[in-house]
Each structure stands twice: as structure tokens, then as C-alpha cells.
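A short worksheet on the structure shown next.
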Amino acid sequence: MTRAPRFLGINWLALYVTLYVVFLYLPVLLLPLFSFNDSAVPNFPLSGFTWKWYEGLLTTPAMLDAARNSAMVGVAAAVTSTLLGICAARAMTRYRFRGQKPMSALIMAPLVLPEIIIAVALLLVMLRLGLQLSLLTVVLGHVLICVPYSVTVLIAGFEGFDRSLEEASTDLGETAFGTFRRVTLPMVAPAIVSSLLVSFTISLDEFILAFFLTGTDATLPVYIWGQLRFAARLPGVLALGTIMLVLSFVLLTIAEIYRRRAARRANVDGGLLA
Amino acid sequence: MTVAIGRRPATPARPGLLRTEQRQGLALMSPTFLFALVMLAAPILVVIAHSFWTQTYLTIDRTFTLDNYRIALTEPIYRDLLMRSLILSMSVAFLTVLLAYPVAYYISFHGGRYKSLLLFLITIPAWTSYLLRVMSWKVILGYNGVLNTALLGTGIIDEPSTAFLYNTNAVLITLTHAWAVFAILPIYVSLEKVDRTLIEAASDLGDGPIRRFLRVTLPLTVPGIIAALIIVMIPTVGDYVTPRLVGGKDGVMIASAIEVQFKRGANWPLGAALSVTTMIVITVVAVSCVGLLRWAAGRIR
């Protein structure tokens, strides 16, 4: 390990990193701060502590509808994307076959495509097919962008997985499905939980696809987008944003704990995005 | 012995449709692949097809034409929007990588046992709602915003400045913030791969810290820098939320024009041509940047 270079007795690199982390967290922490502020304008100095913006949310039927819609879309997208992710991650780690690379590339492509392109392409096809835009079309779009994340998380759980355990199970007379259910599944369960949580969070926070692909039903981000036009509604939006922020944080922390557990079992490490 | 043979692909002892590794792998991969084919590849092909057609009111005329591309490339409004989007996404990519590199370097070389904690700490903001983060920047940069209040409070300015919000800089700041972690992670990964003994060798041979960094570490992390640039540059060119919320009149980008054609303007073929043009141009720009960077890295060594 090299020692950090110093100049005038200050570790400039550490100072810079600290400032950068402040820059990263500043916008994220301001939302909760102003959501408890007793003033309609988010501004310093703070004028007093209040719960009223949160109380106001409970009596807003449109917000409650949007929350229910988001929850349904999120669960559907998380389950579908994890199921599809399991198939792909297993095929990518357990088998070698012709066409594997281009097939993986297409599955992972949504990671590097501008979302607007995905959104208009799906919108165009759905309109041309005469499909009614609804929460279902939003789910389909969300599954598409969640699958690459699911695959990444699940591969970490499947890789390095000791294949002799499965072989032993087969040799002892289990069927292929029985082996999967009784040997493979318990081993990769943490990765699956992690994938479910990560996909749910992505779906919960996703705006562009939901904005383009929904009919009359709004998800939470679409609802927030509609509220942003009215300055008076801003504190309520900040309160809602804070709840979503805390929810995302909690879900992702649990996902990270499970992902690490999965990676430890499989003896590989690597970040969710790395 | 039979056990060992039984594991091998294409064993005569275990015939059947799904017995070979090739077939099993394909079968397992196919649900996900077919989903991506139907939901991604096919729609993009449909967009490309539409870009060669024309539309009058609600009927699509399927005669081949390049008119939409002519409009997309020559109409000043679209040409300007495309240029602005390109310049913005390139600036965001380079700025993000420049600001992120020291952070990735610090974590990799001085993180010690806090490495994974630091990485997680940096990832959290990226996982929170994008829409909310952009909104938060609006609160920070606004006329009555946090930044103005702070500057007024410290006496640096006498009256609130309107220079922070509703312009290109606001878009630049917001996007640089939004994509930070996507630049830090690939650079971190490539820094982790740098063989530390090479750096020691360079110091033993008399290179100072700066020279050692420029001649050993930096060239070895070019792949990470390239990955970071591409991961940031390509998605940001089509960003919709940030320009709409903090960009004002100068910050409008191509995504707004595409949205108008698909929603209110209802000229799908033109919208399709704008989408395809954006994709092609950003790919060409990204590939050229990569080439240029590789060439530059070769020169440093």
C-alpha cells in the first residue's frame, strides 16, 4: 500500500473525497430535511418542525392510488424479472453453448441504451398492436430494464457454485427438478432475495418508462411528476419523496446484505454494478 | 467411471432432446432471450422501419423515404438540439470521469479494510429516485434556493442570482451528480486490477509519485476510463427529466423533441428518425472517443 501524498501537512486526496461524498449526499439529504420544515417554501433558515406534510399525504386519494399502483407494478416486475434472471444467470454460469455471447449481450443491452429510446420503441409497438396502455404495459417495460440487474446479482450467487453437490444429488437418484429444488435453490436463495429487492426498488423509482407506457393509472414517480407543476404541492412531494427514499434505502441495504451472503457462499466478490 | 462419462455432453448412454450441454443451455436461456427479443430487439426494428415511412394524420404510408432523416439532420431546430445533446453528454461524461477518478483511486489504494463500506456508501445515492434527486437540485439551485441563501448569508453576493437554475450548467451539475457512481465503479474495478508490484518497480527505478501515476497507473486503467465514459455518455444523450426540470430554455435536449413527436405532435416516423439518428450519432461519437483515448494512452507510454 502506498502512502497518501501530503502537501502542507494536509491529505488533499482524503479532503477531496470527503467533499465529493458531501456533493453526492447533499441532494439526497435535503429532501428529508425540508419535508419536516414548517414552511411551504423549501428554504433556509428552517422555520420549525412539523408532521403536517406527511399527514396531508394520507388524505390525498390520488397519492394513495399511485402508491398502490406502484406496489403492484413493483411486485409483478420484481417476480417476473427474477424468474427470467434465474434462467439467464443459470444458463450463463452453468453451460457453455454457441450463441451465448450475443444472447447475453441482448439481454444486458437495456443497461447501456438511453431509456427514452426503449420507452418510445415500446410505446410505438404497443400502439401499433392496438394494446391498451395500462399498468401491465408498465410492468413489461420495467421487467425489461430490471432483468440485467437481476442477472448481475444472480450470477454472483450462481458462480463458483460447487457443481459436485448437484452431481451427488443426481447420482443419489434425484430428478433434475428435485435437485434444483432441494439442492440448488437453497444455495442460491440469498441471491434470489437480493434480486427481488433490487428489481422492486428499480421499478418503484423508475419514471420514464412508466410515464410513456401508462394509461390513466399513475405510478408514484408519474404522480410526483404531475405534482411538480404546482409550487404549493412541493412540501407534500418532499414528504412523499422522503418516504420513498427511506424505503429504497432499507430495501437496498437488505439486498446488499443478502448479496454479500450469496457472494460469500459462492466465494466471489464484486459490487452490484461492478 | 460411468458417473464421469454421464456428465459429459452428448453421451450415448443418455439420449434425449435436452441432454446435450448446447441444448440445455439454449433451452434455459431462451425464455429470457425471447423476452428481450420481443420487448427490445423487435421494437427497435419497428422504430427503424418507421423512420423510413411517412405519416399523414393517423395513416402510415409505407413507401420508402429518407425524408425524415433529411428533416432530422437539416432542420435547424433538430440539428441544434442534437448538437447540444451531444456536447452536453460528452461534457457530462468527461467531467464525471475527471471528478470520479480520484475517488475511485482513493478507495482502491487507500481504502484498506473499509473498501466495500466506502463503495456501498457511494452507491446509495445512485439508488434513490432519479426524479427526486433532480427535483432536489432544483431546490438547491433556485432563485430562493439553498445555494443563493447560503451565498447571501455569507455576503458573497448581494441579491439572489438567477445564474444557477434553468440553464446548461444546471443540467451539467445534475447529470454529473446522477452518473457519479457509474463512473466510479468501472474505474475502481480497473484500479483494483493494477499490479501493485509494477508501481513499486517504478518507484524503485526512480519515478516520483506523479510520474509513476502517469506512466504506470493511468495507462493501465484506460479500459476502466473508457467503460466509464461510455456508460455515462450514451444514456445521458437521451435524458428527459433533467433538461425538463432544471434546463430551462437553453437546456432542452433531443429527448424532448422525440417525446413531442410521439405524444402531442404525433409524427411517429419523424420521432423514429430522430431516435435512430441520436443512437447512431452517439455511437459514432463514443467509438471515436474510445479510439482517441486508446491512441493517447499508447502515446503516454
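Note: Cβ is positioned from N, Cα and C throughout, glycine not excepted.
According to TrEMBL, the feature domain 'ABC transmembrane type-1' maps to B:82-291.
Sequence-remote contacts of a segment are chain residues at least 6 beyond its ends whose Cβ falls under 8 Å from one of its Cβ atoms, and for the transmembrane segment (B:33-53) they are 60-66, 68-69, 268-269, 272-273, 275-276. Taken from TrEMBL, the feature transmembrane segment covers B:33-53 (among others).
The transmembrane segment annotation in TrEMBL covers B:86-108 (among others).
Summarising the annotation, TrEMBL assigns transmembrane segment to B:114-132 (among others).
The transmembrane segment annotation in TrEMBL covers B:169-191 (among others).
What TrEMBL records for B:212-234 (among others) is transmembrane segment.
Residues or ranges marked as transmembrane segment in TrEMBL: B:270-293 (among others).
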Chain residues in Cβ proximity to the transmembrane segment (B:114-132) (below 8 Å; excluding those fewer than six residues from its ends, i.e. six or more beyond): 103, 107-108, 178, 180-182, 184-185, 188, 241
Long-range environment of the transmembrane segment (B:169-191) - Cβ separation under 8 angstroms, sequence gap at least 6: 88, 91-93, 95-97, 99-101, 103-105, 107-109, 119, 122-123, 125-126, 130, 133-134, 137, 141, 163, 217, 220-225, 227-229, 231-232, 235-236, 239, 242-243, 246-248, 251, 253
